[in-house]
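Taking it in order: structure first as structure tokens, then the write-up.
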Amino acid sequence: MAEKSIEINGLTKKYGQHVAVDNLTLSIDKGEIFGLLGPNGAGKSTTILMLLGLTEVDSGSVKVCGIDTTRHPLEVKRKVGYLPEDVGFYNDYTGLQNLLYVARLNNIPLEQAQKTALRTLAEVGLEEEMDKKVASYSRGMRQRLGLADVLIKNPEVIILDEPTLGLDPEGVKKFLQLIVELSRKKGITVLFSSHHLHQVQQLCDRVGIFVKGKLLAEGKISSLAEQLFSKNTFTLEGGITPMDENPNQASDSLEEVVNKMKRIKEVSLVEVDKDHFVVESKKDVSAELSRLIVNSGYGLAYLTKKKYGLDDIYHQYFQEEEKRI
Amino acid sequence: MKNKIFRRATSKLTAIKLPKGISHINSFSFFKNGNPVSDSSLAFSPFKAMVQKEITDHIRNWRFIILFALISLACMGTLFATLSDGMKVLVNDTTENNFFFLNLFTKSDGTLPAYFVFVGFLGPLFGISLGFDAISSEQNRGTLSRVLAQPIPRDSILNAKFLAGIIVISVMFFALSFLVLGAGLLALGIPPTAEEFMRIMVYTVLSIVYVSFWLNLSILFSVRFRQSATSALSGIAVWLFFTIFYPLIANLIIKGYEPSKYATPNAIYFYEKLKFYLVQIMPNELFDEITSAILVPSVRSLGPLTTEQMQGAIPSSLPLGQSILLVWPQFTGLLALTLLCFLFSYLLFMKREIRSRG
């Protein structure tokens with residue numbers, strides 16, 4: 001078993017009567033990208049605050065890199081880079097100065113700090129704007145500066161709390177790519193909290209679904225899907241067009257094609273509605289399917305793979321949660 | 001030979017290091033240490049960085065510049081008024097004391113209040129303005145959670161804010177005191193005596209303590225209230241309460257106990273004591289007493305005195321040590337109030353949950 005970066009055991013946090021985090025147990029491996037997914041107010045941020053010792057733990061224990069956060073918060077903060085939701089900078093200072101300040105708070109000697117700062121700024125693509133005041137930065141630039149800010153202390157774990165909030169789609173894409181790249185390159189463990197399903201899906205190795213302080217499900221996205229939609233995980237949708245220009249070529253009737261489709265291994269269900277069909281299968285059969293259709297003398301208008309994504313998982317869990325209440 | 005090589009090597013080293021040292025632009029560092037950081041200074045280096053940043057922020061801030069200009073103008077104004085018109089009065093006024101330099105701080109010709117009045121009046125404002133948004137602004141800008149995610153003890157942010165405030169205030173007050181001294185030196189043509197100089201220094205230190213009380217109070221409010229405006233207003237409210245409303249209330253209470261003409265000495269003594277103690281919780285009153293005892297050496301007592309106590313006293317001025325002894329309770333009181341404010345802000349801040357914003 002791989003080394004654990006974060007271990008949470010029976011973590012509970014209450015605000016008066018309201019239970020924000022309820023008996024949470026979770027462990028994250030080293031070098032993993034873990035997505036904490038949940039709606040607003042689910043307790044994601046509170047969990048993160050407890051990971052860093054920024055709020056008191058009511059019961060349970062948190063260990064980051066094997067260090068107890070409640071007892072040795074400083075040691076943990078030395079190893080963890082945290083990008084808060086809606087991060088703030090000193091607007092009167094330039095990006096570089098902001099970074100250098102954080103480096104000095106981390107006790108990095110000045111010369112080394114300068115080198116690291118320049119390198120990290122280059123990594124996040126801010127080297128041209130580093131001498132501008134942060135007040136003039138756009139939202140995306142601030143977020144990237146935040147990432148540089150997290151990386152400058154050379155952390156073992158980075159925790160990102162809703163980092164893509166308020167970024168445009170292109171910015172989100174770039175930002176996520178950057179995170180994946182850096183994590184893979186340096187073997188950094190990433191804890192990523194978000195309520196955006198697709199981003200988590202793109203980015204994370206493992207996902208925890210977090211609703212009302214409880215971890216409802218945890219695991220790889222595909223395994224989550226298997227748990228939920230146990231029968232068929234792959235759905236292919238396609239459209240076929242008859243080849244009118246080649247009437248002399250022998251073509252099978254539509255029913256025959258459907259029968260042939262059913263005979264493909266692992267296919268369990270085929271539905272046809274005029275020239276539109278849906279095939280459900282246990283594994284990816286798109287290659288066989290397309291070959292079959294073309295060989296049968298039809299044209300393939302389109303073929304899309306419908307993978308069960310987090311969207312469906314999310315809704316499924318929410319429905320269950322609502323039913324339970 | 002070896003020596004020569006070594007020397008050359010070191011000279012090369014410095015030649016390499018020097019331009020680097022010059023080239024790096026770092027606005028935070030006032031007292032940059034060029035030599036590699038040793039282990040002992042390493043532990044304090046984050047704290048030092050924070051204090052440096054806070055001082056830089058204060059000095060660059062318009063709020064500070066405006067207040068500084070205001071206080072300097074007030075001081076200059078009183079100084080010139082005192083020196084031009086009151087010169088002769090000052091020098092001729094040898095009836096009781098011959099502390100010319102102290103007179104510069106306490107006397108005025110009537111057109112403008114004296115220096116000490118300005119310090120007593122603007123000092124609290126200065127303290128409040130330096131501290132009222134110390135924590136709340138960091139919280140609102142979202143920088144607090146970012147800074148606290150770094151490996152620094154949580155209290156060091158409070159300590160750094162406080163220390164930076166104290167340093168800025170000290171520099172300002174010492175500068176002003178020396179300015180007044182220097183102007184007096186030029187105008188009077190005689191140097192201050194050691195006694196006078198020491199009195200002025202003690203006065204400056206005590207006024208820094210006084211302003212640091214207000215600084216701490218406003219930091220407390222800035223920890224307590226999320227809105228900087230609320231915390232500024234609370235600070236000013238406390239200040240107004242103590243300068244205007246509390247004396248009124250104290251007066252009302254005292255009136256109730258006013259003895260008749262024919263009351264016993266005991267009753268009169270009680271009345272005087274009550275009058276004295278009721279105002280002792282006012283920080284500004286404490287500071288006024290400190291000021292008068294330190295800057296006017298002929299002040300022999302701050303509270304009421306009976307005629308028996310006055311018997312045998314020689315009507316002369318007190319030495320500095322005795323004056324300090326006289327204001328020691330007041331000084332302790334001020335310091336205690338300061339520490340209380342600090343303690344409460346500490347208590348509030350250490351257990352606080354740090355969310356990113358709001």
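Glycine is no exception: its Cβ is also placed from the backbone N, Cα and C atoms.
Whatever TrEMBL says is automated annotation, not expert-curated.
Look at TrEMBL and you will find B:62-83, B:112-132, B:162-188, B:200-221, B:233-254, B:327-349 tagged as transmembrane segment.
Using the rule of three or more Cβ pairs under 8 Å, pairs at least 6 apart in sequence, the transmembrane segment (B:162-188) is not in contact with the transmembrane segment (B:233-254). The listed stretches are B:62-83, B:112-132, B:200-221, B:233-254; of these, B:200-221 has the most Cβ pairs under 8 Å to the transmembrane segment (B:327-349).
Counting Cβ pairs under 8 Å to the transmembrane segment (B:62-83), the stretch among B:112-132, B:200-221, B:233-254 with the most such contacts is B:112-132.
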